[in-house]
Structures are given as C-alpha cells and as structure tokens.
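Have a look at the structure below, then the notes.
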Amino acid sequence: MTSIRKSHLTLKALNESMIDLPAPKNISAWWNFGSLLSLCLALQILTGLFLAMHYTSDISTAFSSVVHICRDVNYGWLIRSIHANGASFFFICIYLHIGRGLYYGSYLNKEAWSAGVILLLLVMMTAFVGYVLPWGQMSFWGATVITNLLSAIPYVGENIVQWLWGGFSVDSATLTRFFAFHFLFPFGIIAMTLVHLLFLHEKGSSNPVGINSNADKIYFHPYFIYKDLIGFAWFALFLITLVLFIPNLLGDPENFTPANPLVTPPHIKPEWYFLFAYAILRSIPNKLGGVFALLASILILLIVPILHTSKWQNFAFRPLAQIFMGLLVVDVAILTWIGGMPVEPPFIIIGQIASFLYFFLFLVFFPLSGWLENKMLESCTKSSALRALVL
C-alpha cells in the first residue's frame, strides 16, 4: 500500500521537497543557510503579526504604541526585540547564502539565482519600510532621505516621490502606506521563495566539488533534516543571547527619540545591513549617478552567470578566484564601515576606492581569473601530453 505522503496531492509535494528529495551526500554546513532563511522568515512573520496587533500607524501615536508594546504588553519587549534583531540575523543569513552561491557556482542555475536576487530586493524593501514604522528620529530622516532619491528620476521623479509620500513631505499618509507595504511584502517573499525552490529542485542542489552528483545522492530525511536542526539550534542560541543580553546593539540610539522634522540628526544612515549599498550611493557626487550605483550594487548579481568564464563551476579549485573572493568579502566589510562614518575625509576617498573595487571585482577580476585559469589549464594539459609522447 502506498504511503499517504506519496499519494495525497498536498503531502506529495511536501514529501518531494523535504523528505524524499535526493540531495548530494557531500553538501557542507554552507548549505544550511537556505533552511535558516525559511526559519527567519517564519519567525519574522509570526512576531510581526503579534506586533501589528498593538501597533498604530499614525504619526501622533506610532512611537507611543511601540513604547506601549515594550512596557505594557505581555512579553512585548521580547517579541519586538526578536523581530528587530531577527531582521539582522535574516540579512546575515542572506549574505552568507549569497556568498556561498558565488563561491560554489550556484549562480549557474540561472533561474533559481534570478529568483533569489528578486527575493533579496523584496526583503530589502520590506526591511526598509519596516525601519520607518517605530517613527523615531532615524526612522523619519532615513525615510525622507532614501525616498527622496527617487526624485533623481528624470521628468517623473518628483511626482513619484509625492505619490509615495502621500503629500509634500513624509507624514501620516507615508507611515500608513509603509505599514501596509510592510504587512503585504512578506506574502510576496513567500511566493518568490516557492518559485526559488521550484527552480532549485528542478535541477537539484550544487555541491562543494562542483560535479554532477546524480549517481551519489541520499534522501533529505533524516540525514539533512537533523543537520539543519543543528543549524537551527545554533541560530536560536545566538539570537536569544543577543535579544536577552544586548538587544539594542545593532540599533541606532537616535531612534529612542520621537521623530522631529525640525531637528536633523548629525549623521543620517540606514540599518547596518544596508550600509555597504549606502556607502556606494554616497561615493558618487551626482544624485542620479548615486541612485544608479545603488541599484547596480544589487542588480550586478543578475549578470554574474553571464560573466562566468571558467571551465570549473566553483572556486574550490581556482586559487586566483579565491583571492578575488577574499578581496570582495573585505571590500564589502570596508563599505559597511564607511557607510556608518560621516561624509568627510578620509572616509570619502576610501568609500570611492572601495566602491570602484566592488564593481571592478565583478566585472573584470572574476571573468579575468576564469580566463587566466583556463589558459593555465590548457598549458598544463599540452605539456602533460607532450611529456606522455616523449615517454
């Protein structure tokens, strides 16, 4: 008799995605971040739902409602802290997931990679509108500065900004629609996650050595289910430690002050996980050029599969590419640091150099390393063939 999980229409799809899914037996802990992102998404939706029950999206009461949640709602402080710090962990997992995809050549599955980049954009938009909701100083001024960038679009920019604001400045209408967006976007994220998984499971996961593993696969359950549970345990440990001991570590002190349009903070900046893109934006003196650079810093991931020139899928056997990958990690860390610094020397020139290097690595160094490694491989192959002929 066929098991119900293999015959029932709904359970069959779940079974093929989580239980009987054939997975390469040699995938490492770097492949855990996909499941961790699912956990993060579920956690954010659950905590966000409870916060939405007590939050009011009006500029006169928004800040007070957040204070009310923390002071008067049972475990409200815990729910808010998990939601705020969970967003940071969400982006840590996303960036590590993207880094793994770059290193191990997962971008060669173009459909899954493109769906992943769209997912990244959706998550970034969700996080941005969510950052505005507490209506603190940095929330207000961050919303004003970032949304005002749309005015750089020729001809229609000013109209788009006013439409987004719901008036001539960031006000109650802006907060209401940002709350609506923040509530709705996660459903779009869920839909794109399913598309991402659909394309991923169509071809199967990559593996650390970058070769076809069809002849050597095992069931996802129980082996990788338990492996993922270990990742969940570590994730919970780090998140709860941060939430209970240093919950405000990754936040901005300015957000403890209610929004005041008459007082500008000395240094306006977004959350830490957007700082690398913000640094690239600030490195271009022209407003429209800065907006293009900001978008390009994310959308450049879409052309990574096109720029792949190596005969190897991943960087595991490519020493030159490994050096450039290390440079990229350091460069993003420098950009994140620069994004949190004031716009003054020497931070301006450091940011411009780091921004140039960021694009140069993707557009020149990675394709060049593949081409050089191919030439070295051909040279070694020819010399080996000649040696064999001589012998």
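In case you wondered, yes, glycine gets a Cβ from its N, Cα and C as well.
Quick look at what Swiss-Prot annotates:
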type	residues	note
BINDING	His83, His182	heme b b562 binding site
BINDING	His97, His196	heme b b566 binding site
BINDING	His201	ubiquinone binding site
TRANSMEM	33-53	transmembrane segment
TRANSMEM	77-98	transmembrane segment
TRANSMEM	113-133	transmembrane segment
TRANSMEM	178-198	transmembrane segment
TRANSMEM	226-246	transmembrane segment
TRANSMEM	288-308	transmembrane segment
TRANSMEM	320-340	transmembrane segment
TRANSMEM	347-367	transmembrane segment
Determine which recorded stretch among 33-53, 113-133, 178-198, 320-340, 347-367 has the most C-beta pairs below 8 angstroms with the transmembrane segment (288-308).
347-367
Provide, as an integer number of angstrom, the distance between the C-alpha atoms of His182 (heme b b562 binding site) and His196 (heme b b566 binding site).
21
His83 (heme b b562 binding site): tally of other CB atoms within 10 A of its CB:
20
Non-local residues, at least 6 beyond the ends, that sit with Cβ under 8 Å of the transmembrane segment (113-133):
55, 57, 62, 66, 87, 90-91, 94, 97-98, 101, 106-107, 139-140, 142-143, 146, 174-175, 178-179, 181-182, 185-186, 188-189, 192-193, 195-196, 199, 270-271, 273-274, 298-299, 301-302, 304-305
Using the structure shown, find which entry in His97, His182, His196, His201 (the binding-site residues) has the sparsest Cβ neighbourhood within 10 Å.
His201
Taking a Cβ cut-off under 8 Å, which residues six or more beyond the ends of the transmembrane segment (33-53) line up next to it in the same chain?
69, 79-80, 82-83, 86-87, 89-90, 93-94, 96-97, 100, 182-183, 186, 189-190, 193, 228, 231-232, 235
So what's near the transmembrane segment (347-367) in sequence-distant terms, Cβ-Cβ under 8 Å and 6+ beyond its ends?
279-280, 282-284, 293, 296-297, 300, 303-304, 307-309, 321, 324, 327-328, 331-332, 334-335, 338-339, 341
Would you mind reading off the Cα separation of His196 (heme b b566 binding site) from His83 (heme b b562 binding site), to the nearest angstrom?
24
